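The signal peptide feature in TrEMBL is assigned to 1-22. Taken from TrEMBL, the feature domain 'Cupin type-1' applies to 60-193. According to TrEMBL, the feature oxalate binding site maps to N91, H96, E101. Per TrEMBL, Mn(2+) binding site is recorded for H94, H96, E101, H140.
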Amino acid sequence: MALLLKSVLVVAVFSIFSIAQASDPDILSDFIVPAGSAIDGNLFTFNGTRGIFGSIIEKFKVTKASKAEFPVLDGQSVSLAVLQFPGGGVNPPHTHPRAAELLFVVQGSLEVGFVDTTNKLYTQTLQVGDLFVFPKGLVHYQYNSDWNKSATAVSAFGSANAGTVSLPTTLFATGIDDQILAKSFKSDVATIQKIKAGLSS
């Protein structure tokens, strides 16, 4: 009995430790130097957002500064994205499994919302200077309802690799069987195929 109790305790501690590690690494140095990189000011500089402010916005665009684009962010638990919306543009429902998102509107206005785990929808209309938080892992969206003006927002994340799971793409562009989707959405295969065709065009 004592051996069983010890085994259960070891498994429980290991499980808690594993859950605690499901985030950015806790580094033991000031920063992680990507292989082959010189350690100077250039290592800590990202210029991938130059020239995007003030540009003409023709379609929804996200410019990321995450671990993939800016490797020195590894271990820093932070990343950023600039979201540009044309008039009527939408960032479709999606989640970030590894981080909350703090959105800051810098141009135009946006209608935003998220759905919690009880299926309650929280919405807000944001103006320039407003901030809105999307809790970690919850489905959310942003929409520029002004068809005559573009909008721009800057999003900060509490992870160097927040991840993005786009619901339309995940559900309709990954090969899930049409019958499964039709049953899940209480629809028919023809409707599911129309949705899939719309995503690919």
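Every residue, even glycine, has its Cβ placed from backbone N, Cα and C.
According to DSSP, the secondary structure content of the domain 'Cupin type-1' (60-193) in residues is 21 helix, 55 strand, 58 coil. Over all protein chains present, the Cβ of N91 (oxalate binding site) has 24 other Cβ atoms lying within 10 Å. Between the CA atoms of E101 (oxalate binding site) and H140 (Mn(2+) binding site) there is a gap of 10 Å. Cβ neighbours within 10 Å of H96 (oxalate binding site), excluding its own Cβ and spanning all shown chains: 24. Long-range C-beta contacts of H140 (Mn(2+) binding site), restricted to its own chain and to partners at least six residues apart, with a cutoff below 8 Å, comprise P93, H94, T95, E101, V112, G113, F114, V115, F134.
The Cβ neighbour count for H94 (Mn(2+) binding site), using a 10 Å radius and every protein chain shown, is 19. Model confidence over the domain 'Cupin type-1' (60-193) stands at 96, taken as the mean pLDDT rounded to a whole number.
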